[in-house]
Amino acid sequence: MSDNAESQPLIKTAAPYRGRFAPSPSGPLHFGSLVAAVGSYMQARANRGQWLVRIENIDPPREMPGATDIILRQLELFGLHWDESLLYQSDRSQAYDETLQRLADAGLSYHCNCTRKSIMARGGYYSGHCRKRDLGPDNTALRFVNHHPVAEFDDQLQGKIILPSDFANEDFIIRRRDGLYAYQLAVVVDDIDTGITEVVRGADLITPTGRQIAFFNALGSTAPDYLHLPLATHADGHKLSKQTHAPALREDQRVLELIDALRFLGQKVPNECQDGSVDEVLQWGVAHWQLDQVAKCEKIAID
Ligand code: GLU
Ligand code: ZN
């Protein structure tokens with residue numbers, strides 16, 4: 001090695017951290033979604049990064065009228081102020097269509113008219129039945145040709161995740177038969193376009209992560225890091241959700257709710273924080289955030 005090469009330091013500049021919280025407006029935030037919001041906010045702020053909010057409203061049948069406004073008001077009330085402008089998936093058709101076109105041009109998508117029932121009858125996994133059938137767009141879903149499936153990834157909290165290979169190998173749906181954009185398509189295109197460096201979300205989304213990484217790769221983009229937080233469940237093990245009647249967030253007890261969320265994430269919040277304001281609790285959380293205190297198990301009962 002020449003002297004010259006030795007004297008050149010290898011400068012590695014990590015991209016600035018960009019995280020996001022991406023609620024679906026199917027109902028108000030509850031304790032489980034507050035935990036996801038607080039966890040992603042803490043990771044972003046503790047890494048001196050940006051924290052974006054994206055409204056995942058591409059599935060009108062599942063949406064509750066007014067939920068978006070309620071969620072945004074709740075985030076503000078809980079002091080979870082976002083950077084940059086909000087992104088609404090309902091404004092993103094052009095970006096999704098361009099990606100669909102790129103994939104079609106590259107021969108990486110095809111139409112499929114299989115029903116859930118016919119897939120079940122063939123063993124429950126989709127193994128490319130329609131890849132070579134050359135079906136037209138009428139009453140069909142669009143599937144992604146998953147040439148390089150991803151069945152393993154390193155989660156920043158849970159460690160190495162191994163997904164069932166039959167599931168990972170599937171040519172998954174990118175546009176639904178009813179014409180709506182599929183979640184996998186929208187989430188990846190949005191994470192690319194907003195330059196997200198780490199996705200922090202609930203552990204219920206561990207399994208689709210392999211698909212999302214495969215999709216990033218196919219689009220020629222580097223996948224972000226993924227970090228899946230433990231899920232708040234009812235005592236019977238069911239995830240807190242609107243369907244399982246998760247209790248409403250106590251808006252008059254915001255400080256206590258935030259402390260509960262931080263403690264759920266393993267942070268040792270001192271009792272004195274109860275006398276502080278919402279902003280003071282969040283500041284304490286960011287200053288003391290310890291990722292290694294967050295439980296690795298996927299589910300924790302709260303009642
Ligand atoms: N919109 C999804 C949900 O509310 C989250 C998607 C994500 O964080 O990737 O469950
Ligand atoms: Zn098919």
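Cβ atoms here come from the backbone N, Cα and C positions, even for glycine.
Bear in mind that TrEMBL entries carry predicted annotations, made automatically and left uncurated.
Taken from TrEMBL as is:
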BINDING   Arg20, Phe21, Ala22, Pro23, Ser24, Glu56, Tyr183, Arg201  L-glutamate binding site
BINDING   Cys112, Cys114, Tyr126, Cys130  Zn(2+) binding site
BINDING   Lys242  ATP binding site
DOMAIN    18-246  domain 'Glutamyl/glutaminyl-tRNA synthetase class Ib catalytic'
MOTIF     23-33  motif ''HIGH' region'
MOTIF     239-243  motif ''KMSKS' region'
(Q) So, three-state DSSP: helix, strand or coil for Arg20 (L-glutamate binding site)? (A) strand
Q | Residues Arg20, Phe21, Ala22, Pro23, Ser24, Glu56, Tyr183, Arg201 binding L-glutamate per the record - widest CA separation, whole Å | A | 16
Q | Cα-nearest neighbour of Ala22 (L-glutamate binding site) within the listed binding-site residues, Cys112, Cys114, Tyr126, Lys242 | A | Lys242
Q. By CA distance, which of the binding-site residues (Cys112, Cys130, Lys242) lies nearest to Ser24 (L-glutamate binding site)?
A. Lys242
Q: List the helix, strand and coil residue totals of the motif ''KMSKS' region' (239-243) as derived from DSSP.
A: 0 helix, 1 strand, 4 coil
Q) Is the motif ''HIGH' region' (23-33) packed against any residues at least 6 beyond its ends, judged by a Cβ distance under 8 Å, and which are they? A) 53, 55-57, 59, 62-64, 67-68, 70-71, 74-75, 202, 231-232, 239-242, 246-249, 257, 260-261, 264, 302
Q. Checking the binding-site residues Cys112, Cys114, Tyr126, Cys130, Tyr183, Arg201: which ones have Cβ within under 6 Å of ligand 2?
A. Cys112, Cys114, Cys130
Q. So which of the binding-site residues Pro23, Ser24, Glu56, Cys114, Tyr126, Arg201 sit close to ligand 1, that is, with a CB under 6 Å from an atom of it?
A. Pro23, Ser24, Glu56, Arg201
Q.
Among all protein chains shown, how many Cβ atoms are found within 10 Å of the Cβ of Glu56 (L-glutamate binding site), not counting that one?
A. 21
(Q) If you count, for each of the binding-site residues Phe21, Tyr126, the other Cβ atoms lying within 10 Å of its Cβ, which residue has the minimum? (A) Tyr126
**Q.** Cα-to-Cα gap, Tyr183 (L-glutamate binding site) vs Cys130 (Zn(2+) binding site), nearest whole Å
**A.** 21
Q: Might you list, by sequence position, any residue in that chain lying six or more from Cys130 (Zn(2+) binding site) with a Cβ less than 8 Å away from its Cβ?
A: Tyr110, His111, Cys112, Asn113, Cys114, Thr140, Arg143
